[in-house]
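Novice: This structure is in C-alpha coordinates; I'll ask about it shortly.
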Amino acid sequence: MPSEISWRGPYIVQACELFKQYPKRVMLGVSVQQFAQTNGVNAILYFLPENLARAGFSVSEALLYSGACAMIYCAGTIPTMFWIDTVGRRKFLLFGSVGLVGACAAMGALQYHADSLPYGKGRLPTADGLFAAVCIYIFVYGASWGPAPWLLSAEVFPVRARAKGMAVAAATNWFFNFILAFIAPPLFAAIHGAFYFILLASCLASAGFVYVACPETAGKTLEELGEVFGDQEAVDEKVDGYRVVGTEVVLEPELVGAAEMLPVRVGARSMATRKSSKSDLGKDERDF
(Lines of atoms letter the chains of each structure in order from A and count residues from 1; the text may use other names and numbers.)
(Lines give C-alpha, C1' and ligand atoms only; values in the text may rest on other atoms or scores of the structure.)
Protein backbone atom coordinates (compact mmCIF):
# COMPACT_ATOMS: atom_id res chain seq x y z
CA MET A 1 0.00 0.00 0.00
CA PRO A 2 1.47 3.41 -0.92
CA SER A 3 2.23 5.62 2.04
CA GLU A 4 2.27 8.90 0.15
CA ILE A 5 0.31 10.67 -2.52
CA SER A 6 1.78 13.62 -4.38
CA TRP A 7 0.38 15.75 -7.17
CA ARG A 8 2.61 14.24 -9.84
CA GLY A 9 1.70 11.75 -12.50
CA PRO A 10 -2.02 11.82 -13.31
CA TYR A 11 -2.82 14.63 -10.87
CA ILE A 12 -0.88 17.38 -12.64
CA VAL A 13 -1.54 18.13 -16.29
CA GLN A 14 1.67 18.27 -18.28
CA ALA A 15 2.21 21.25 -20.57
CA CYS A 16 1.88 19.13 -23.69
CA GLU A 17 -1.49 17.80 -22.50
CA LEU A 18 -3.06 21.13 -21.55
CA PHE A 19 -4.30 22.08 -25.03
CA LYS A 20 -5.44 18.54 -25.77
CA GLN A 21 -7.44 17.97 -22.59
CA TYR A 22 -8.87 21.47 -22.06
CA PRO A 23 -9.00 23.28 -25.43
CA LYS A 24 -12.11 25.34 -24.60
CA ARG A 25 -10.75 26.41 -21.23
CA VAL A 26 -7.40 27.40 -22.73
CA MET A 27 -9.09 29.35 -25.52
CA LEU A 28 -11.23 31.22 -23.00
CA GLY A 29 -8.31 32.02 -20.70
CA VAL A 30 -6.16 33.17 -23.61
CA SER A 31 -8.92 35.22 -25.24
CA VAL A 32 -9.86 37.26 -22.17
CA GLN A 33 -6.19 38.10 -21.59
CA GLN A 34 -5.80 39.10 -25.23
CA PHE A 35 -8.80 41.44 -25.00
CA ALA A 36 -7.46 42.82 -21.72
CA GLN A 37 -4.61 44.26 -23.80
CA THR A 38 -6.18 44.93 -27.20
CA ASN A 39 -8.94 46.95 -25.52
CA GLY A 40 -6.13 49.44 -25.24
CA VAL A 41 -5.36 50.37 -21.66
CA ASN A 42 -1.58 50.17 -21.94
CA ALA A 43 -1.56 51.59 -25.45
CA ILE A 44 -3.27 54.64 -23.95
CA LEU A 45 -1.38 54.88 -20.66
CA TYR A 46 2.13 54.34 -22.05
CA PHE A 47 1.84 57.31 -24.40
CA LEU A 48 -0.75 59.42 -22.61
CA PRO A 49 1.59 62.36 -21.80
CA GLU A 50 2.51 62.76 -25.46
CA ASN A 51 -1.09 62.46 -26.62
CA LEU A 52 -2.33 64.99 -24.05
CA ALA A 53 0.42 67.41 -25.06
CA ARG A 54 -0.59 66.97 -28.69
CA ALA A 55 -4.19 67.71 -27.73
CA GLY A 56 -3.23 71.08 -26.22
CA PHE A 57 -1.87 70.66 -22.68
CA SER A 58 1.57 71.88 -21.69
CA VAL A 59 4.22 69.24 -21.06
CA SER A 60 4.05 69.66 -17.28
CA GLU A 61 0.25 69.44 -17.31
CA ALA A 62 0.33 66.35 -19.50
CA LEU A 63 2.74 64.61 -17.13
CA LEU A 64 0.72 65.60 -14.06
CA TYR A 65 -2.58 64.42 -15.52
CA SER A 66 -1.03 61.16 -16.68
CA GLY A 67 0.09 60.46 -13.12
CA ALA A 68 -3.40 61.25 -11.84
CA CYS A 69 -4.78 58.51 -14.09
CA ALA A 70 -3.07 55.92 -11.89
CA MET A 71 -5.21 57.06 -8.95
CA ILE A 72 -8.33 56.85 -11.10
CA TYR A 73 -7.37 53.31 -12.09
CA CYS A 74 -7.09 52.35 -8.42
CA ALA A 75 -10.45 53.98 -7.66
CA GLY A 76 -12.03 51.89 -10.40
CA THR A 77 -11.06 48.67 -8.68
CA ILE A 78 -12.92 49.55 -5.45
CA PRO A 79 -16.46 48.65 -6.62
CA THR A 80 -15.07 45.47 -8.14
CA MET A 81 -13.65 44.34 -4.81
CA PHE A 82 -17.07 44.66 -3.17
CA TRP A 83 -19.44 43.43 -5.86
CA ILE A 84 -17.72 41.15 -8.34
CA ASP A 85 -18.70 38.02 -6.40
CA THR A 86 -22.34 39.05 -6.19
CA VAL A 87 -22.74 40.63 -9.63
CA GLY A 88 -20.48 38.12 -11.37
CA ARG A 89 -17.42 38.27 -13.62
CA ARG A 90 -19.45 38.04 -16.83
CA LYS A 91 -21.61 41.11 -16.12
CA PHE A 92 -18.60 43.17 -15.06
CA LEU A 93 -16.88 42.34 -18.35
CA LEU A 94 -20.00 43.06 -20.43
CA PHE A 95 -20.72 46.39 -18.75
CA GLY A 96 -17.03 47.23 -18.96
CA SER A 97 -16.90 46.59 -22.70
CA VAL A 98 -19.93 48.81 -23.28
CA GLY A 99 -18.43 51.59 -21.17
CA LEU A 100 -15.10 51.34 -22.98
CA VAL A 101 -16.86 51.59 -26.36
CA GLY A 102 -18.43 54.89 -25.31
CA ALA A 103 -15.17 56.25 -23.90
CA CYS A 104 -13.19 55.29 -27.02
CA ALA A 105 -15.78 56.94 -29.26
CA ALA A 106 -15.51 60.14 -27.22
CA MET A 107 -11.69 60.07 -27.25
CA GLY A 108 -11.58 59.52 -31.01
CA ALA A 109 -14.04 62.32 -31.76
CA LEU A 110 -12.32 64.78 -29.43
CA GLN A 111 -8.89 63.93 -30.82
CA TYR A 112 -10.15 64.57 -34.35
CA HIS A 113 -11.57 67.91 -33.24
CA ALA A 114 -8.35 68.88 -31.43
CA ASP A 115 -6.29 68.08 -34.52
CA SER A 116 -8.49 70.38 -36.60
CA LEU A 117 -7.75 73.36 -34.34
CA PRO A 118 -4.59 75.51 -34.41
CA TYR A 119 -2.13 75.11 -31.58
CA GLY A 120 -2.76 77.43 -28.67
CA LYS A 121 -5.29 78.16 -25.97
CA GLY A 122 -8.16 77.51 -28.35
CA ARG A 123 -7.44 73.81 -27.99
CA LEU A 124 -7.75 73.71 -24.21
CA PRO A 125 -11.53 73.06 -23.95
CA THR A 126 -11.17 70.12 -26.33
CA ALA A 127 -8.10 68.91 -24.44
CA ASP A 128 -10.08 69.05 -21.18
CA GLY A 129 -12.83 66.98 -22.77
CA LEU A 130 -10.30 64.46 -24.04
CA PHE A 131 -8.78 64.09 -20.59
CA ALA A 132 -12.26 63.59 -19.08
CA ALA A 133 -12.93 60.82 -21.62
CA VAL A 134 -9.60 59.21 -20.75
CA CYS A 135 -10.52 59.32 -17.05
CA ILE A 136 -13.84 57.59 -17.75
CA TYR A 137 -12.04 54.97 -19.83
CA ILE A 138 -9.46 54.30 -17.11
CA PHE A 139 -12.08 54.06 -14.35
CA VAL A 140 -14.26 51.65 -16.34
CA TYR A 141 -11.27 49.54 -17.31
CA GLY A 142 -10.06 49.40 -13.71
CA ALA A 143 -13.48 48.15 -12.64
CA SER A 144 -13.84 45.51 -15.35
CA TRP A 145 -11.17 44.42 -17.81
CA GLY A 146 -8.36 45.18 -15.38
CA PRO A 147 -9.10 42.64 -12.61
CA ALA A 148 -11.85 40.36 -13.99
CA PRO A 149 -9.80 38.52 -16.67
CA TRP A 150 -7.34 37.33 -14.03
CA LEU A 151 -10.15 35.89 -11.92
CA LEU A 152 -11.87 34.29 -14.89
CA SER A 153 -8.65 32.82 -16.29
CA ALA A 154 -7.85 31.13 -12.99
CA GLU A 155 -11.35 29.86 -12.29
CA VAL A 156 -11.96 28.14 -15.62
CA PHE A 157 -9.09 25.71 -15.06
CA PRO A 158 -9.38 22.68 -12.77
CA VAL A 159 -6.98 22.50 -9.84
CA ARG A 160 -4.52 20.15 -11.51
CA ALA A 161 -4.29 22.33 -14.65
CA ARG A 162 -4.54 25.77 -13.06
CA ALA A 163 -0.83 26.56 -12.74
CA LYS A 164 0.02 25.78 -16.35
CA GLY A 165 -3.23 27.25 -17.64
CA MET A 166 -2.58 30.54 -15.89
CA ALA A 167 1.00 30.54 -17.18
CA VAL A 168 -0.31 30.37 -20.74
CA ALA A 169 -2.91 33.08 -20.04
CA ALA A 170 -0.35 35.42 -18.44
CA ALA A 171 2.08 34.87 -21.32
CA THR A 172 -0.70 35.87 -23.73
CA ASN A 173 -1.30 39.08 -21.79
CA TRP A 174 2.35 40.07 -21.92
CA PHE A 175 2.69 39.07 -25.58
CA PHE A 176 -0.06 41.45 -26.67
CA ASN A 177 1.29 44.10 -24.29
CA PHE A 178 4.63 43.83 -26.10
CA ILE A 179 3.00 44.05 -29.54
CA LEU A 180 0.89 47.09 -28.69
CA ALA A 181 3.82 48.91 -27.09
CA PHE A 182 5.61 48.73 -30.44
CA ILE A 183 2.78 49.46 -32.86
CA ALA A 184 0.86 52.12 -30.91
CA PRO A 185 3.26 55.11 -31.39
CA PRO A 186 3.68 54.88 -35.19
CA LEU A 187 0.02 53.96 -35.61
CA PHE A 188 -1.18 56.96 -33.61
CA ALA A 189 1.23 59.24 -35.45
CA ALA A 190 -0.17 58.03 -38.77
CA ILE A 191 -3.91 58.00 -38.10
CA HIS A 192 -4.32 60.19 -34.98
CA GLY A 193 -7.88 60.01 -33.64
CA ALA A 194 -8.75 56.95 -35.73
CA PHE A 195 -6.48 54.98 -33.39
CA TYR A 196 -9.17 55.17 -30.71
CA PHE A 197 -11.72 53.71 -33.11
CA ILE A 198 -9.48 50.68 -33.59
CA LEU A 199 -9.58 50.22 -29.83
CA LEU A 200 -13.35 50.71 -30.00
CA ALA A 201 -13.58 47.80 -32.45
CA SER A 202 -11.67 45.59 -30.02
CA CYS A 203 -14.00 46.61 -27.19
CA LEU A 204 -17.01 45.71 -29.32
CA ALA A 205 -15.46 42.36 -30.17
CA SER A 206 -14.76 41.71 -26.49
CA ALA A 207 -18.41 42.39 -25.64
CA GLY A 208 -19.53 39.89 -28.27
CA PHE A 209 -17.02 37.31 -27.09
CA VAL A 210 -18.08 37.59 -23.45
CA TYR A 211 -21.77 37.43 -24.37
CA VAL A 212 -21.35 34.34 -26.56
CA ALA A 213 -18.46 32.38 -25.08
CA CYS A 214 -17.84 33.32 -21.44
CA PRO A 215 -19.66 31.35 -18.75
CA GLU A 216 -20.22 32.78 -15.30
CA THR A 217 -17.62 31.29 -12.95
CA ALA A 218 -18.57 33.05 -9.70
CA GLY A 219 -19.81 30.50 -7.19
CA LYS A 220 -19.51 27.57 -9.61
CA THR A 221 -18.04 24.23 -8.57
CA LEU A 222 -15.44 22.46 -10.68
CA GLU A 223 -18.03 19.84 -11.59
CA GLU A 224 -20.43 22.52 -12.85
CA LEU A 225 -17.71 24.11 -14.96
CA GLY A 226 -16.84 20.67 -16.33
CA GLU A 227 -20.41 20.37 -17.59
CA VAL A 228 -20.25 23.86 -19.11
CA PHE A 229 -17.07 23.12 -21.05
CA GLY A 230 -18.11 19.59 -21.93
CA ASP A 231 -14.88 17.94 -20.76
CA GLN A 232 -16.42 16.45 -17.59
CA GLU A 233 -13.38 17.12 -15.43
CA ALA A 234 -13.09 14.36 -12.83
CA VAL A 235 -12.84 16.34 -9.63
CA ASP A 236 -13.41 13.25 -7.53
CA GLU A 237 -10.62 10.82 -8.42
CA LYS A 238 -9.97 7.52 -6.69
CA VAL A 239 -6.48 6.06 -6.70
CA ASP A 240 -5.15 3.22 -4.57
CA GLY A 241 -8.03 3.48 -2.11
CA TYR A 242 -7.74 7.24 -1.66
CA ARG A 243 -10.37 9.68 -2.81
CA VAL A 244 -8.95 12.96 -4.13
CA VAL A 245 -11.51 15.73 -3.77
CA GLY A 246 -10.21 19.05 -5.08
CA THR A 247 -7.10 19.51 -2.94
CA GLU A 248 -8.14 17.17 -0.11
CA VAL A 249 -7.31 13.50 0.34
CA VAL A 250 -9.89 11.30 2.06
CA LEU A 251 -9.46 7.67 3.11
CA GLU A 252 -11.91 5.25 1.56
CA PRO A 253 -13.80 3.02 4.03
CA GLU A 254 -11.92 -0.11 3.02
CA LEU A 255 -8.61 1.46 4.10
CA VAL A 256 -9.75 2.90 7.42
CA GLY A 257 -7.91 1.17 10.26
CA ALA A 258 -5.34 -0.35 7.90
CA ALA A 259 -2.48 1.71 9.28
CA GLU A 260 -1.51 3.05 12.67
CA MET A 261 -0.11 6.32 11.30
CA LEU A 262 -0.28 6.78 7.53
CA PRO A 263 1.38 9.97 6.25
CA VAL A 264 -0.38 11.61 3.35
CA ARG A 265 1.33 14.35 1.38
CA VAL A 266 -0.52 16.82 -0.82
CA GLY A 267 1.93 19.12 -2.57
CA ALA A 268 4.20 20.45 0.17
CA ARG A 269 1.80 19.69 3.03
CA SER A 270 2.14 16.63 5.23
CA MET A 271 -0.68 15.11 7.25
CA ALA A 272 -1.21 11.94 9.23
CA THR A 273 -4.27 9.82 9.80
CA ARG A 274 -5.10 8.27 13.10
CA LYS A 275 -6.10 4.68 13.57
CA SER A 276 -9.83 4.67 13.00
CA SER A 277 -12.84 2.50 12.59
CA LYS A 278 -15.71 2.78 10.19
CA SER A 279 -17.83 4.30 12.92
CA ASP A 280 -15.67 7.44 13.15
CA LEU A 281 -14.85 7.75 9.46
CA GLY A 282 -16.74 11.02 9.18
CA LYS A 283 -14.65 12.52 11.98
CA ASP A 284 -11.44 11.49 10.27
CA GLU A 285 -12.57 13.04 7.01
CA ARG A 286 -13.21 16.34 8.78
CA ASP A 287 -9.72 16.22 10.24
CA PHE A 288 -8.33 16.42 6.73
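Cβ atoms are placed via backbone N, Cα and C, with glycine included.
Heads up, TrEMBL stuff is auto-annotated, nobody curated it.
Sharing the feature lines straight out of TrEMBL:
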{"type": "DOMAIN", "residues": "1-218", "note": "domain 'Major facilitator superfamily (MFS) profile'"}
{"type": "TRANSMEM", "residues": "62-84", "note": "transmembrane segment"}
{"type": "TRANSMEM", "residues": "91-110", "note": "transmembrane segment"}
{"type": "TRANSMEM", "residues": "130-153", "note": "transmembrane segment"}
{"type": "TRANSMEM", "residues": "165-188", "note": "transmembrane segment"}
{"type": "TRANSMEM", "residues": "194-214", "note": "transmembrane segment"}
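Help me picture these features in the structure, burial and contacts included.
Specialist: Within the same chain, residues 32, 39-40, 55, 80, 84, 126, 129-130, 133-134, 136-137, 140-141, 143-145, 148-149, 152, 193-197, 199-200, 203-204, 206-207, 210-211, 214 sit at least 6 positions outside the transmembrane segment (91-110) and bring their C-beta atoms closer than 8 Å to a C-beta of that stretch.
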Novice: Counting only residues 6 or more past its boundaries, what in the same chain has a CB within less than 8 Å of a CB in the transmembrane segment (165-188)?
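Specialist: Residues 18, 22, 25-26, 29-30, 32-34, 36-38, 40, 42-43, 46-47, 51, 149, 153-154, 156-157, 195, 198.
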Novice: Across the domain 'Major facilitator superfamily (MFS) profile' (1-218), what is the average pLDDT of the model, as a whole number?
Specialist: 90
